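Taken straight from TrEMBL:
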REGION    B:1-23  region 'Disordered'
DOMAIN    B:19-153  domain 'Semialdehyde dehydrogenase NAD-binding'
BINDING   B:S26, B:G27, B:F28, B:T29, B:N324  NADP(+) binding site
REGION    B:49-71  region 'Disordered'
ACT_SITE  B:C161  active site
Amino acid sequence: MTECVECGADVTLHDDLEVGEIVDCTTCGAELEVVETEPPVLERAPELEEDWGE
Amino acid sequence: MATGAGTREEEAESGETVTASVIGGSGFTGGELLRLLAGHPNFEVSEVTSRSKAGKSVGSVHPPLRGTDLRFTEPDDLKGVDVLFAATPHGVSMGKIDEFFEVADTVVDLSADFRLESEAQYDEWYDGHDAPEYLERAEYALPEINRENLPGAELIAGGGCNATATILGLYPLFEHGILEGGEQIVVDVKVGSSEGGAGGGDASSHPERSGVVRPYAPTGHRHEAEIEQFLGTSVAFTCHAVDMIRGASATNHVFPSGPVSKGDLWSAYRDCYEDEPFVRMAAGGSGVYRYPEPKSVAGTNMAEVGFELDPANKRVVVFSAIDNMMKGSAGQAVHAANVALGFEETAGLEFAGLHPVGAP
């Protein structure tokens, strides 16, 4: 268990977590990238940005 | 007058089926009520009235209900039931409320007739009130802000669709002191054509309505009264009719007087809604649908709320989206009735929606 960096909710992680893996926060829906496993550290996964105003 | 053997409370505790009638069942929200009640484990629909459709089968008006054996009846001689749902136009229920309570223990009214607390508000925002003595007996149907007062309620007043979207979006900001009441709040709601009801009119005919982004009630919308009543402050409110059938999408621009962080916002919204069965948060997450969107909730009782911080303008923009006929009307009514009668809150409301789907 660790905190979502976006909304602060608890994110449940499985045991065989790997660096680079993407997990979802079930509260805010953010995609989070595992950057360390011992202990687990999550960062916001990069998103493809949209701009429909151009 | 209940038709069952026990009192309403006893029935709720035992989980027994209760009887229900729908008054004004040929309209859009009446049809949604019937769709929900048909799949509800605790309700048995015994009567559906419609003066204009009397004698016709319910399925002939509401296609999803083809195959049911219900027919519309005249509303002049109502049967006794446990719960009466009134899906009539504004102004009808207040004139018939005595009659409704002669035949039912619980009345759930989907119109605006009992939403406001005082006769003075009806004088200001509507055309007065015929039965003001009932106003203090009514409980607002939106469980997210009035759950504690719904159990055992005899008269339940369904919230307005645009007000529901707005209140759900802004409520956490007031609950957590991010807004205190003196700030400027600008609300812009995009609404679908079903908000106009099944009756139609010149502005609702397909050639006129199709493709519009039409401001209507740009100031002074009646739902401002509800919003002010429950949030404790006035809002600058404007609606646009847009080219969808279902849906109300509120964009709320607020300007807090103090500094606000993303963490403050998440704390406020998570605290208010994390455990709510019919509110989910969409605030910049991942995928295509990162913010609230009527398509995502069409046909469901779900509300989506989300926000984004705009530090450069000292603004928070809050989004909320509902299906106006569900969370904004029939779904909210059934949810409130579930709470009032002690049923499982989500009973009859489990439909999760469709994806992909066209214009809702």
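Glycine is no exception: its Cβ is also placed from the backbone N, Cα and C atoms.
Just so you know, TrEMBL annotations never went through curation; they're auto-generated.
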Tell me the Cα distance separating B:C161 (active site) from B:T29 (NADP(+) binding site), rounded to the nearest angstrom.
11
Can you tell me how many other Cβ atoms are located within 10 Å of the Cβ belonging to B:G27 (NADP(+) binding site)?
25
Give me the largest Cα to Cα distance among B:S26, B:G27, B:F28, B:T29, B:N324, the residues the record lists as binding NADP(+), in Å as a whole number.
17
Taking only the binding-site residues B:S26, B:G27, B:F28, B:N324, which one has a CA atom nearest to the CA atom of the residue listed as 'active site'?
B:N324
Do you know which of the recorded positions B:S26, B:F28, B:C161, B:N324 has the most other C-beta atoms within 10 angstroms of its C-beta?
B:N324
Residues from B:S26, B:G27, B:T29, B:C161, B:N324 facing chain A - recorded positions, CB under 8 A:
none
B:S26 (NADP(+) binding site): secondary structure state under DSSP, collapsed to three categories:
coil
The residue listed as 'active site' - helix vs strand vs coil (DSSP):
helix
